[in-house]
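*Asks:* According to TrEMBL, the protein has these features:
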| type | residues | note |
| --- | --- | --- |
| BINDING | H63, H238, E242 | divalent metal cation binding site |
Amino acid sequence: MTVGEIIRAIKEKSGADVSPQAGDRLICGSEQASVSKIATTFMATSEVIEQASKEGVDLIITHEPTYFTGPDRLDWLTEDPVYQEKQKLLDRTEINIWRFHDYMHLAKEGDLICRGMFQELGWKWDKQNIIGEGAGFKRFSADIPPVSLRELTASLKELFGLPALRVIGDPDLVCRRAGLLPGGVCTFLDYEELPMEAMEEERLDVILCGDILEWTIPSYVRDAAQMGMPRAMIILGHDRSEEAGMKHIIPWLQPLAPEIPIIFLESGDPFLYL
């Protein structure tokens, strides 16, 4: 199969109505290139590209941008030394990169990133977890076995390989209903109230979130906790709140290219904790 054939098969299976201006496009390479091995990843970092080359991968399917802005714009980058070195790496390895973003989040069968995260967390995924702009994100919630905020945080640190997590709320709060607001959902400047509405409407004890604006949901949860209300949040960061979706997408992808091996390459948490 060629790169182009695989891309078209993915788009057809997703069934999403995606804007032509979306970031889902071939970032580098050729649609005519033959594919012998595929890697999925959250972000095509230089280390991921090097590892893919060692593994014999010729197509990387990445969720997030390769060139540091949402649309992978190059107009500001051509003289930048970081871009130039990364481009040399891509030229040397001859790897094709396609971005799989909106076609994942807007898939007709539900948000494939969130579904993978639910699988990683051991939460039940059901028909209520369907995607929709704005209000749809509020429905990524689940009933979980009763667990203290302290214990839940410890389990998440172990699951995602993190030495620390930022948390707001009473560590002894018993959490029975949790919500996932992954990636940039808590940073929609045109819908700042979304996470607070989600917490109230979905009766959430705790929210696991990706990126944050500190004057929105963190301020809301802090006020609630200070007034003795059962509210808490755990900040995973963008990467940790979405990456598992790229690991668990492999069984969804494999029937589209049954003869081509597909592996997952972890890009990992970008931060050091000093």
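Placement of Cβ uses the backbone N, Cα and C atoms for every residue, glycine included.
Whatever TrEMBL says is automated annotation, not expert-curated.
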*Asks:* Given a 10 Å Cβ-Cβ cut-off, pick out the one of the binding-site residues H63, H238 that has the most other Cβ atoms nearby.
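*Replies:* Its Cβ has the most other Cβ atoms within 10 Å: H63.
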*Asks:* Which state, by DSSP, holds E242 (divalent metal cation binding site): helix, strand or coil?
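*Replies:* In the DSSP reduction, E242 (divalent metal cation binding site) maps to coil.
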*Asks:* Beyond the listed site residues H63, H238, E242, identify every same-chain residue whose Cβ lies within 8 Å of the center of their Cβ atoms for the divalent metal cation site.
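*Replies:* Output for this site, in sequence order: F42, M43, E64, I113, P182, G183, G210, D239, S241, E243, G245, M246.
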